[in-house]
Ligand SMILES: C[S@@+](CC[C@H](N)C(=O)[O-])C[C@H]1O[C@@H](n2cnc3c(N)ncnc32)[C@H](O)[C@@H]1O
């Protein structure tokens, strides 16, 4: 796909380039923040699976530079046009919400941001970038050391002396196309992130992570509900409706009473959190009918948390985020008059098959014994 | 409430069971097939909501099988009762703590000793259990967990292979997501209380690839033939597109630096590990995308080690490990097969005898026939033309028997060449040089006979049985074309119609050749009658056939510019000198490209007034006209015209003995022979491309192909197909849309990301059978809808692609005929997607097919367009268009019988009502928006208009919710929402039963929903119309099952053969469920 047609196909791709974000993912975090106010009172943050670093850029602009990166800062003319219409009183209700003046903010004190990824990441001022695998146990001491230089890596403690307010993880594997496997690998990344969060998050802290909303996602929701008071699954408008990607927003961390994060037996498919009785109750819903403010009748069909094969399933409430008037990631957009397609802020990292591509080019478009490799 | 009846999903596990039985894992099922008859022998559900990802068969007791998927394990056995019918028996379900990557049963010399199952997990843990321990019957306490005895690490693996070195030691190779490979082994001792003790050592840990390692395979027994020093081999394959072979003979080597806790991880931090790497013997590239599996597959005839790799590109590549000097090796590619459609080979099985089977994402299972791999083509010229080779060359030729060609030479000789045997072809000179065949000659053949012509002079016939060559007529001009067909349709008597065209002539001669009783004891036919056919200007004949309809004979001619002309040939020959004109001419049958072959299929129709004329052309298509004799005139209808999966040079169609068709032609540098019924290529030969002389004689498993390349003659034969399909597959990528015709025929149309549309038929005997594949879209399909029963199908995709397909059920020989009647004038003009559309008949005349369709299309740029399409002149007219806001529209439906009022749904969760403004005819404006979902509405369905004039609109959202909105005639909308209907996006909805009483004011619907969470749910919706809005609507969940179809994109309801109701769920595969 040509650059320009990608601009049309994906408004967020274009906006990201225009506004200097390293990836369009920045908008996902901004839109999650719009709904969940993720950054209120937050100074210490861990950004997992951070490369190329657009989430870290958001953190940097908001926490370090004290900028307001609200919608006002990134919406463009089309949006302003809608707004003008609204002022003429012709837009329906939901377009009016959330248009209040952005809260003013200034640089915060004692900001600490640590970003981790497998891939090298271009530095960002004020942010500690680590190159490490979040599923590897050696990453825990690395992270603790980065958060707190006085941490003794030889000590056996794996709890942060100065815990953080927010742990983010946008990690995703290279999907294979074998859905069961992709969902499994993604859940392992989520577990690894949660494991790190359990070591560094302060009680009451927040955890936001990418999740694949596919088969058995309700098993994961039920597990997260054990350690967080609030568990909501959310889909930013900048994330395509056609993708299984969503974000789990967990608030109010409640470390389980006798839980100690452990290197030897980290959480994961192999080691799940035990539900206790009251939690079980919290997961059940009763049949009810509520008339919402907008007149829609919500019918909760009612369910017990389902125990199958010893697994507990629970469906977290869903909340779409990002204002309805913001761009639809699936829509085609007309490009503004005289549009010049920009280069991405950061070139994509070289794929592992780079050598293969070069080799193929050398051979004139085919590998080794060309006649067998093509055509058939 | 819901019961699975049939499914076609990715094949994720495979194993050879006994000589003739293959078992597969397809979704939650394990199935057994007879490898020879392809019959399904037995099938069992092994896991409730998990797919089978691995299968192993106990070699000692072929009937014991272990299946695993995710972290679940179950032993099953395949039993054969006295009546020889097979059945599976299941033992208790067991679980372990993690995803299982591979498993192996210990081999033991004596059959009575304890067999042990060892498995490696995705975190490199080892799980061990005795087979005995698995063979318990189901336990009420639920599955018991088997804990690992070697704990493993935290790093995630994509692949592992476990191999028993002895009855107490296993060797493991594991590949990580970051390109590392670890080779380790464990010695086990059985503590005789059902547990084992283990001692583990690591032999190698090294960076093997630049990308994730997806496949590893160990061998401790085979070695490259030239080097007995190498006793252990490891093959690996990866994201980086390479296959690599490593020497792991030295298993004493133990890595002392068991990964320290402070090791830096991530890409590019592996320098310290290199010294524990084994020697890389060879590496090679061949696949164009990721490589999922690699296997050692025995030895080639020269005793060189064979390796086979299987990729995301759905191809299977065979390599040989060639020694190129002492201890230096090369991987040389020897064979490439593509048995699967689209992408991904997910499962592989190898048998001891060298057979290989693969399972694809397309649901197909292929068994490769290594014996059928063709030797390089043989060149015929040299040994045959002997000393006069330099002076003479083979020119024109055709088959006169299964393995004999009649051939002319440059010098004008006529020879017969027997091609029976690969290496020793025999040549038989039939005549010495004939002057008028020198330098220019043509040959046409039928079994047993050949006709030859050249520059002006004699036209000859050769009868193979009598080995006689004689002149049948003369020509005063240079012959431009020579064609022949049987005059006698039973083919019993040697009566032929020979068509001769001359360079620059506006007529063509049709000669009737019948056995000449007086002159010959051998009944060799000679020319008896001749008529002259007048050609239209510019009509250069490229193909010809004779037809008979209602006792009338006709000659049909195809031209170089896509025309087909039909001539009546029964009337007494007119006055000498006047040429006969055609009865009718069909234009642009193959666009403006050559009609390369014509075939008449009277299809054994009893009335004999209708037959089918097949044609192939260089436009890449196969076309069929139905020709009917009605009141003394011929009527033609184009009933089929589809692109083939090769071409554009399609050269010939032939009818085989079993009444199925074979079509052949070229794709770039290859000759391709294609089985129309099985929809598969049966023979592929690299020959250099389309523009050349060639001849092909099809046979059971392939055929003999002869071609000219650089003035030399080559031959390639194949007598066995290179692979057999145990089970035919479906789409090569995920299905995006489904529509089932509401006729008794219930034609299922599916459109997928692979840009194809497939038409299927389902019945209880044959299951799902794909009868046509429609290849015209250049983008993934967005939406499909039937109209006029099963007569019209409409399809939309990206790039504004929109096509109208005319469908004819019951076309003899091929089943369903398909013609793309028209494409929308804007097709391909922009990069907008037509997300959905709704088709209504605009005019309905009683007893006639509608001539006008009103089509409402919704676009990705938030616009709506209303079009009119006329079938009579295939014209399109834009009636009105309108803008929504900025969100992509996803669904379109009209609420009444016309497109006014109209309803759309969109990515912003709203349903919107539109009406065509009266004063301004060419714009539509939305009148009402109503928010139902938080974001994208991905499925929508409506009830018929109810007694009070209102309609219930059901919607499924990306927000996991199910919405039920009541829309009144005045446009009032009230919604009831079931928020957590599924755990993921709700992408399919269908009604499976209704019990609505409009008058009494109450109704009941049974609704099925399907979601990306891979659950299919049944809901009872009760409605009391007397009550305001949706106050009287109630919903209850009554059924809930798993589906093996991932990425569910839709569902349709269908009738089952026994009168029951079913639903078809589509996505990555297809799943038919019965609703109880
Ligand atoms: C979608 S990108 C993150 C984009 C990022 N949030 C941004 O805004 O620029 C996913 C990242 O996850 C990283 N990743 C995947 N698996 C990982 C692992 N095991 N440890 C650390 N990072 C991982 C990948 O390298 C990739 O850069």
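Glycine is no exception: its Cβ is also placed from the backbone N, Cα and C atoms.
Here TrEMBL flags A:21-253 as domain 'Ribosomal RNA methyltransferase FtsJ'.
The feature S-adenosyl-L-methionine binding site is assigned by TrEMBL to A:53, A:55, A:117, A:133, A:170. With a cut-off of 8 Å between CB atoms and residues at least 6 apart in sequence, the same chain places A:25, A:28, A:29, A:47, A:48, A:49, A:50, A:55, A:209, A:210 near residue A:170 (S-adenosyl-L-methionine binding site), listed in sequence order.
Residue A:210 (active site, proton acceptor) falls within a strand segment according to DSSP. Annotation source TrEMBL lists active site, proton acceptor at A:210.
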Residues among the recorded positions A:53, A:117, A:170, A:210 that border ligand 1 - Cβ under 6 angstroms, in sequence order: A:53, A:117, A:170
Secondary-structure category, per DSSP, in which residue A:117 (S-adenosyl-L-methionine binding site) falls: strand
Residues satisfying Cβ distance under 8 Å from residue A:133 (S-adenosyl-L-methionine binding site), sequence separation of at least 6: A:118, A:139
For the domain 'Ribosomal RNA methyltransferase FtsJ' (A:21-253), the mean pLDDT of the predicted model: 85
Least surrounded among the recorded positions, given as A:53, A:55, A:117, A:210, when other CB atoms within 10 Å are counted: A:210
Secondary-structure category, per DSSP, in which residue A:55 (S-adenosyl-L-methionine binding site) falls: helix
Recorded positions (A:53, A:55, A:133, A:170, A:210) in Cβ proximity to chain B, threshold under 8 Å: A:133
Most distant Cα pair in Å, residues A:53, A:55, A:117, A:133, A:170 binding S-adenosyl-L-methionine: 18
